[in-house]
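Q: What TrEMBL lists as compositional bias 'Polar residues' is 451-460, 654-674. Sequence annotations record features per position, and here TrEMBL assigns compositional bias 'Basic and acidic residues' to 618-648, 681-690. Taken from TrEMBL, the feature domain 'PH' applies to 260-358. According to TrEMBL, the domain 'PID' annotation covers 483-619. What TrEMBL lists as region 'Disordered' is 380-416, 446-474, 618-690.
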Amino acid sequence: QTRSLLGVFEEDAAAISNYINQLFQAMHRIYDAQNELSAATHLTSKLLKEYEKQRFPLGGDDEVMTSTLQQFAKVIDELSSCHAVLSTQLADAMMFPITQFKERDLKEILTLKEVFQIASNDHDAAITRYSRLSKRKENEKIKAEVTEDVYTSRKKQHQTMMHYFCALNTLQYKKKISLLEPLLGYMQAQISFFKMGSENLTEQLEEFLTNIGTSVQNVRREMDCEVENMQQTIEDLELASDPLYLPDPDPTKFPAHRNLTRKAGYLNARNKTGLVSSSWERQFYFTQGGNLMSQARGDVAGGLVMDIDNCSVMAVDCEDRRYCFQITSFDGKKSSILQAESKKDYEEWICTINNISKQIYLSENPEEIAARVNQSALEAVTPSPSFQQRHESMRPAVQSRPPAARTSSTGSLGSDSANLSALSLDSLVAPDTPIQFDIISPVSEDLPGQAKSSGQSGRRTNPFGESGGSKPETEDSILHQLFIVRFLGSMEVRSDESPDVVYETMRQILAARAIHNVFRMTESHLLVTCDCLKLIDPQTQVTRLRFPLPNVVLYATHQENKRLFGFVLRTSGGRVESRQTSICYIFESNNEGEKICDSVGLAKQIALHAELDRKASEKQKEIDRVKEKQQKELNKQKQIEKDLEEQSRLIAASSRSNQSSTEGQFVVLSSSQSEDSDLGEDGKKKRESE
């Protein structure tokens with residue numbers, strides 16, 4: 001019965017322990033929440049006090065807002081103090097009693113239970129040993145030890161059991177105390193907190209809160225009115241901006257502005273990732289003075305991409321992209337390929353960079369000057385954009401143009417007008433001369449007889465210098481200089497005696513490109529040798545054009561823009577048969593115009609000296625041949641004289657032998673006479689000569 005009743009009490013103690021643990025966790029959450037509320041309230045008060053120290057980018061110094069928040073901070077600080085007091089009371093009156101019951105009383109029950117179990121096991125073991133004593137052979141010493149062991153274990157079990165049972169009975173009372181005392185402390189702490197709150201919330205504070213509520217309602221009404229106005233503005237903007245949502249708007253409705261000296265917008269930049277692979281990155285680009293800047297999303301400021309003063313810009317073809325253009329720095333060491341989002345942006349970017357490269361932005365009214373420069377270009381010349389349409393489009397335009405237009409436009413070029421004052425422009429370039437913008441030789445187009453030369457220009461040039469099956473034309477040339485150039489255009493000229501021809505051709509070609517929106521320029525490698533000038537495709541190494549060096553009669557660079565250079569090529573034939581024509585080719589280089597002209601001049605000097613050396617060598621060879629012929633004749637004459645002397649010595653020796661032997665002489669003479677009679681007249685003569 002005792003064991004059964006003990007099991008009931010132990011089951012009850014386990015249930016109490018489980019329930020008290022759950023209640024302790026709940027009350028601990030209340031305590032933690034109160035501590036967090038107290039700390040959060042204190043932090044809120046601290047932040048409100050620091051509002052006046054904040055510097056908001058869009059907020060001004062609002063003294064009313066600052067004083068209002070200071071008043072709130074004062075009230076919340078008092079509430080924070082009340083919450084701190086409440087946290088202390090909860091710790092003392094609620095958490096301490098239940099913690100004591102959980103940590104002391106329940107653990108004491110568990111300890112006594114373990115001690116009682118050990119004592120009970122020891123008593124059972126002692127009884128078992130006592131029961132095993134033999135009745136036949138009794139050992140008094142062993143019997144005494146076992147009896148003493150049974151006595152001690154029974155006493156220990158009885159004492160432990162009494163303390164354990166007493167603790168279980170006491171637990172029923174402590175359970176009630178541990179449940180009611182923490183709840184009582186919690187309620188008393190809350191009542192004390194609410195009393196402190198009612199003392200702090202006075203009528204003056206209630207009036208303050210009422211005024212603040214009214215102000216909040218007024219601000220809300222203002223916000224609603226502003227939101228309504230903004231919604232109306234958004235609807236109007238959506239209606240007006242509907243055509244601009246197209247990625248490539250209609251150029252007739254939204255024409256490109258060509259007089260800009262500042263431009264900003266998103267562009268795609270091409271980045272090389274390998275020998276033949278590349279990637280595109282979208283960034284925001286903008287011009288700042290004479291610099292092109294870019295700014296990635298999230299960056300605070302932009303970074304320098306390139307100095308575009310005196311740079312060159314041209315449209316390029318990309319296999320996988322449209323609206324691409326290339327910017328090359330003035331020294332040619334840096335270039336970037338960019339892609340615009342629309343044709344309008346594409347043209348505006350090219351025009352803007354072209355205007356900046358001329359340093360128009362440094363003037364007081366840059367857009368006005370840019371407009372005046374473009375207008376003067378319009379008045380200067382109106383050439384045909386393609387070589388095939390020259391007769392259809394150029395001649396009517398020239399006939400309808402007033403004669404004074406050419407003179408007025410040349411005056412705007414500054415330094416060029418002074419050079420052209422002594423020579424009529426019409427004597428340099430014919431008024432109806434077409435302009436060619438692509439690399440197609442006008443000579444080969446007009447003359448069928450030039451097919452052979454044009455066929456030679458299509459031969460591939462091996463970049464590694466290997467000849468393959470045939471010997472290169474420039475293999476023996478001592479001068480090989482390569483330059484990167486871009487073809488601007490070419491046109492036929494009337495004179496090839498003055499550099500003014502090149503200057504006037506440059507002016508007309510640049511003006512024609514600006515008028516007809518011809519931005520594309522073909523990039524090539526110009527190879528200068530002692531025999532010719534070659535335009536080589538940089539990708540395929542195919543020779544596009546070949547200019548024999550003797551036919552290059554004139555070359556010059558622009559007086560102000562040293563990147564521009566040109567040369568005049570004199571050819572036989574043209575649009576009129578059996579007449580020599582002169583064609584001026586204009587190129588743009590990477591700030592190497594003077595170097596190219598110097599290289600061409602050096603090549604012509606080397607070619608001249610080579611020609612003089614060749615003629616001198618041929619003359620020397622002719623002299624050597626004459627001397628060699630005379631020496632052969634002299635040697636032949638000496639050989640004949642030597643043979644005659646040898647024959648004389650033989651005759652003398654023969655005479656001496658005849659005198660020594662008369663008989664022998666007689667026999668010889670007889671035989672000789674008989675032989676002479678047999679030989680006849682011819683034999684006699686031969687004998688006499690011998």
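Backbone N, Cα and C atoms are what each Cβ position is placed from, and that goes for glycine too.
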Q: Count up the helix, strand and coil residues in the domain 'PID' (483-619) according to DSSP, in that order.
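A: So the counts come to 46 helix, 56 strand, 35 coil.
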Q: I'd like to know the mean pLDDT over the domain 'PH' (260-358).
A: 87
Q: Can you break down the domain 'PH' (260-358) into helix, strand and coil residue counts using DSSP?
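A: Secondary-structure breakdown of the domain 'PH' (260-358): 15 helix, 50 strand, 34 coil.
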